[in-house]
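Trainee: Straight from TrEMBL, here's the annotation block:
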type	residues	note
TRANSMEM	A:6-28	transmembrane segment
TRANSMEM	A:35-58	transmembrane segment
TRANSMEM	A:64-82	transmembrane segment
TRANSMEM	A:94-111	transmembrane segment
TRANSMEM	A:131-154	transmembrane segment
TRANSMEM	A:224-245	transmembrane segment
TRANSMEM	A:251-271	transmembrane segment
TRANSMEM	A:283-301	transmembrane segment
């Protein structure tokens, strides 16, 4: 690896590693609690915090903005812990989706008053993992370790509520309080990670390792190991792919994660089904169907491409530059003029332009063919031009003719 | 002339400033895009449609810069200002476009199938734009033609003097200077010719003179916003950080960019100030470059209230960045 490459990919690689560490774990909770979109909603709350801070004149880069976004994310955590009901008539996902939409809408309304709105919203989605700084990674590592230790000591309570809330209620635990603590620690992580990696990457880091490991095993420590292993492999491979095939890094890792999940699911499907031949046939059918869909869309695309080609892109014919002195530099013009010995053509060219400098050049050539005519024209320029430099040029051209 | 003013809506704030200059007290102007916004991506608001409903004249670039403009015009339901109608002005008309694509393909991030639409970054182009706006005003209010023409001449003269300096304009006239500058051969020409025992280049003033410290120098630009500016000031652009608008660059691109910046000792990065300042500063920190973040349009930063102060801002900030680079270099040499 060259030095430059390490400069660029090194920080991104370590950032991905520490993201894998905490998100694979939190993802297990998220899946078990069935609150998949909670990270999106919390991230949106954090972004809303940044924008509100902006209204107070706090630039979105400083520490002030960080506290604003963290504060708002914790507010979001409070909302989610309050929105869990014992008997689920309203699913919590509905509340989460709604909070997301509201926070996003309010952020857009707020940002409309600020100039760089569109940029920030785009940034939030894709992140900028390539530009992450070592100092940011160091901070993230500290924050994530703190959250990790917090969860390690309180793991029994958190896991109980995530896996079996009814039992937790029965034990007389204050589920609301523990929920708040859980979402708060989640908010701390999200505020940090969304800022560098973007919503897409964070979402995938949470969900994919968790789904994969839950598919494979029910034992927590095995789930964790599978999630971490997968995360590391996919991050390295995704970064490498994005480098070799010249693709944006964040989206490349996301797409590769999705692909790996699909492959694992297919392999498990074949291994676990009673009739393996049957399962393989089903996969084959799936592939054929996929191929068919691709072909269909391709045909559709081609059709419209061909149609649009008829309608659009009728570029106006390029004006032939054959004799447009105003498009040429002096050298070219002189050369072209010296090839002309048709006095009437030169005269026509002379009157076609109003550029005194070009007129002098044309008159000079005219003078070589017909000294009288050339001198008259130069004299006219010398008399009438309002610009001293042009008058001098005309005079010099007349002197040259005399020699 | 009746008391009723011509109601003009422009896309860019820069067009609005020019319109106000040539239209004087006979027009009322409103702009849609603020000077520190990205003209590519503007969120349509109902107020735009309301403005366009009332508009007598609508000024837009006419290329694929304001991609949202046709939709908003359709929504406004004002037939006077549709493309091709007398109430529509295409600002680019008559400007020689740079960066014309050789292969037409949208996949190349190719928003710009006609050529680069960021025409307002060369002050000489503003003279052409002002002419197009006056033609539009004349169609609506032919009686005031002489008034608009006088304002146009004053505006063009002012631009000439600001670009080339009073002395050079007096000697050579703005038309010739503009032609030579647009062809890219002005500085050569001035160095070869002399007048009254002094080289013509010594008569040069204005922005071009102020920009001499960075003529021929190389910079990196964030996006292809500055080609017309670079053409006038003889700046070379090594590469772009984000060649495709809105798509984050790939690691390979960044690697090459950084390697080339180090190899060729490129130390200045220029970006429009609607891009994320944090990102630009991070990139600069990585390669030891000085960021120049400037607004694209009039009013996009403090002290850019009109087109003249806007170009002043660009030139002086770029010059200051190169001065910073030089002092840094000297300091490191002393050590």
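Each residue, glycine too, has its Cβ placed from N, Cα and C.
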Trainee: Within this structure, do the transmembrane segment (A:94-111) and the transmembrane segment (A:6-28) have 3 or more Cβ pairs under 8 angstroms, counting pairs 6 or more apart in sequence?
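Mentor: Contact criterion not met.
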Trainee: Counting a contact as 3 or more Cβ pairs under 8 Å, with residues at least 6 apart in sequence, do the transmembrane segment (A:94-111) and the transmembrane segment (A:35-58) touch?
Mentor: yes
Trainee: Going through A:35-58, A:131-154, A:224-245 one by one, which has the most CB pairs that fall under 8 Å from the transmembrane segment (A:251-271)?
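Mentor: If we count Cβ pairs closer than 8 Å to the transmembrane segment (A:251-271), A:224-245 scores highest.
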